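**Q** First the structure, then my questions, so here it is.
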Amino acid sequence: MACLSPSQLKKFQEDGFLLLEGFFTADECVAMQQRIGEIVAEMDVPLHCRTEFSTQEDEQLQTQGKTDYFLSSGDKIRFFFEKGVFDEKGNFLVPPEKSINKIGHALHAHDPVFRSITHSPKVQALVRSLGLQMPVVVQSMYIFKQPHFGGEVSPHQDATFLYTEPLGRVLGLWIAMEDAMLENGCLWFIPGSHTRGVSRRMIRAPSDSGPGTSFLGSDPAWASNLFVPLPVRRGGLVLIHGEVVHKSEQNHSDHSRQAYTVHLMEAAGTVWSPGNWLQPTPELPFPPLYS
């Protein structure tokens, strides 16, 4: 059943995250993985777009904010790569399918397989059971977490990058395409951390000025013992509150940890910050989730 029970809703409200095991079938996961394989096989990335995507905090401005390729990807399907996968001439040092960190940020809009999954009746029923009245899809990503060098994702709150007024209007759906275990970089959360507001925001600069983005505020030094791991079997879905603190470790294993993620916003009574890096465009306004 796609709808949350009262006890599940209560747990999500208390913790800021919730695991729903077996939400998607193996066949649905296979369909998404096969489609991603086709997209990667057809990938033709110009040399100037071979941008190393880093999840290390101290490199974020350089690799994300200053790169037009990233900042203009909100309404497109684009490829972002792991560090060290190109030589100095921009040639692949590893097989191309092993080089990608993620594909973003509009699979939900431009690909029929991912559009169907994103707007599936059971996803709609799940989100309705959370009480969202007018949810819109703001972004989607396919994350690879490659074996041996799939990068660490530092502790963060999604609302740092996807800020709304009031807060509490962003919801992440994290779908495991493969088993996500301790060995290959599963998610970790600080339960209850979604009740403390947002400590930092990434702001997009005006197009005619300086670096692409900057940060306002700073994150506290979250103690490592506050985090709890959340292993997820293939097909599981994790609900993620926009302000809950979460992270993942580098993948040192022999197995990838692929996931499809979607971020939603409750549009009713909500202002999407004009300072967010991601903005709706005339070509792609944020599409309603509900049919």
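From the backbone N, Cα and C atoms, a Cβ is placed for every residue, glycine too.
If you look up Swiss-Prot, you'll see Lys102, Met141, His156, Gln157, Asp158, Trp174, Ser248, Arg257 marked as 2-oxoglutarate binding site. Per Swiss-Prot, the feature Fe cation binding site maps to His156, Asp158, His246. Under the heading phosphothreonine, Swiss-Prot lists Thr55, citing similarity to another entry as support.
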**Q** For the Fe cation site (His156, Asp158, His246), what does the 8 A shell look like? I mean other same-chain residues with CB within 8 A of the CB centroid.
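**A** My list of surrounding residues reads Val153, Pro155, Gln157, Thr160, Gly172, Ile240, Val244, Val245, Lys247.
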**Q** Just the number: how many Å between the Cα atoms of His246 (Fe cation binding site) and Gln157 (2-oxoglutarate binding site)?
**A** 7
**Q** DSSP secondary structure for Arg257 (2-oxoglutarate binding site), reduced to helix/strand/coil, please.
**A** coil
**Q** Might you list, by sequence position, any residue in that chain lying six or more from Met141 (2-oxoglutarate binding site) with a Cβ less than 8 Å away from its Cβ?
**A** Lys102, Ile103, Gly104, His105, Leu107, Tyr260, Thr261
**Q** In sequence order, which residues at least six apart in the same chain have a CB under 8 Å from the CB of Asp158 (2-oxoglutarate binding site)?
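**A** Looking at Cβ-Cβ distances below 8 Å from Asp158 (2-oxoglutarate binding site), excluding near sequence neighbours, one finds Val170, Gly172, Ile240, Gly242, Glu243, His263.
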**Q** If the 2-oxoglutarate binders are Lys102, Met141, His156, Gln157, Asp158, Trp174, Ser248, Arg257 per the record, what's the largest distance between their Cα atoms, in Å?
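**A** Per the listed residues, the maximum Cα distance equals 21 Å.
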**Q** For Lys102 (2-oxoglutarate binding site), what is the secondary structure by DSSP, using just helix, strand and coil?
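**A** Once the DSSP labels are grouped into three classes, Lys102 (2-oxoglutarate binding site) ends up as strand.
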**Q** Counting other CB atoms within 10 A of each CB, which of the binding-site residues Lys102, His246, Arg257 comes out lowest?
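**A** Lys102, out of the binding-site residues Lys102, His246, Arg257, has the fewest neighbouring Cβ atoms within 10 Å.
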